[in-house]
Ligand code: DMJ
């Protein structure tokens, strides 16, 4: 269209001008210039018009589609005499094409477009008048606003209100007798030292290096800095009445605990320490923030269950949701004590949120295990989440197996003893364990060994010592007339584990001890002689104390507390020791978060009255976080049809 209009400007027509033109070359040239100028003006006016028409005229094709769409929806109803919902309003607004092809709405649409253009132009002009500094400031403010919005999206929707279970026994637990009170005060002082040191040197880090006086973390938390010690310690602080410290921890959680981190964490550890810790803090204090954070974190763990079998991966990346298993685990397996230690927390999550997903995930695991063959009735520690087959046939009530059995029993207790399936599974498993793994040493010590490919290894781990408490806790409700038997078994394990402490120089227990070749409850290998502030032996003392009130359990607990204070206490907190048989121990320089969550809590409870957190109303998760019994006798959990 433009090309023909430009042709006259070329030199080809100039020779055809009037004869006089040659005698007035300059004038002729002037005339030609004015001519060009006028043509140029006309041309630009024409182009402007075209552009104007292009931008300002409404897109009739869109209108056609819109009309068609509405008619498609409405006309069948009109013709059939049935008016669709809202149809009258649509017709009244006149969204039909008039015969002249123009509607009032089209006109008003055009006006609106014009007005919008005008406003945008004005805004742009105003912006350009501003200084560079003011513009930069505006951009920053806008960026901050968007970031804030995005953050808000991460906060879970407000959760449905649920009836709070009746909380019994959240009190001071004053033991009465002054000498017991004095011991309890000492434990509280130890907690203060551990907490204050972490507060000063490791705040916000997962754990503390009490000698180097700086933060510490292990691979179970990936490269995150999620304040594991704060979350793990909260309920202990609360129970001990350390309310300023509790508030301090709460504030940190409110302001800093963020799970949108690119970190690959252990699903099990994060569940028992973080979710368990947050839920317990929520129930004890009633502060909503803990519940909200627990749910936020739980949502981040759910992708770990996306495996062919629904058996979760051991680790999950909190940001990407990608899961995998530990490289050292038999043939890419998941670990029994890891995928089998989710039930308590996940049932509470469903209870608190009304979201059946958590309950369904753990019930699916239970159903799947129930269908599998078990060698000698025993559960191997390894299960491949891709194939659903057992890995190496290695069974343990210590590391890799322990809390799986614990959670079967506690699922039953937590359900107000209604989850009969859990109780039966526990009873069957314990029966097989007694038959194949529990023996008496030549010196008369009852121990729990490990089953490895058809033979019994006569070695017991510090971790296994928790089982004394478990047997005592499960005694009431055991099949037949075996309550006395299991209480006795608990007492025997407590005694054996006490021996493992008593036979060392430091009066602290080794990581593993043997019952072989004349050895009784002592460690042999150098790398089994360490004590890393673990709770299991003290945990068993506490359960045994609650069920028997035999004073020896308080006595043994006090011996352990004194040994910890004497040999593990350093300027910057408490440290593990590398050799409990050496009078001159070296430190491992780690203050484990479970020392505050479990070891000190069980000691404190040991020197408190039974009215503090009674076992009829509270069930402690495997990290010693108390969760209330859910008395749902006539109710069913949302989604109680287990599915993935
Ligand atoms: C804790 O994290 C838990 O008790 C877990 O079940 C096993 N071991 C550590 C403490 O030893």
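Cβ atoms are placed via backbone N, Cα and C, with glycine included.
Because TrEMBL annotations are produced automatically, they should be read as predictions rather than curated entries.
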With the ranges 74-109, 110-145, 146-181, 182-217 to choose from, which does TrEMBL describe as coiled coil?
110-145
Which is it, of 16-36, 37-57, that TrEMBL names as transmembrane segment?
37-57
Under 6 Å from ligand 1 by Cβ, which recorded positions from 465, 497, 511, 622?
622
With residue 536 (active site) as reference and a Cα-Cα limit of 10 Å, the qualifying recorded positions from 269, 402, 465, 497, 511 are 465, 497
Who sits close to residue 402 (active site): which same-chain residues at least 6 apart have their Cβ under 8 Å from its Cβ?
337, 396, 463, 464, 466, 467, 622
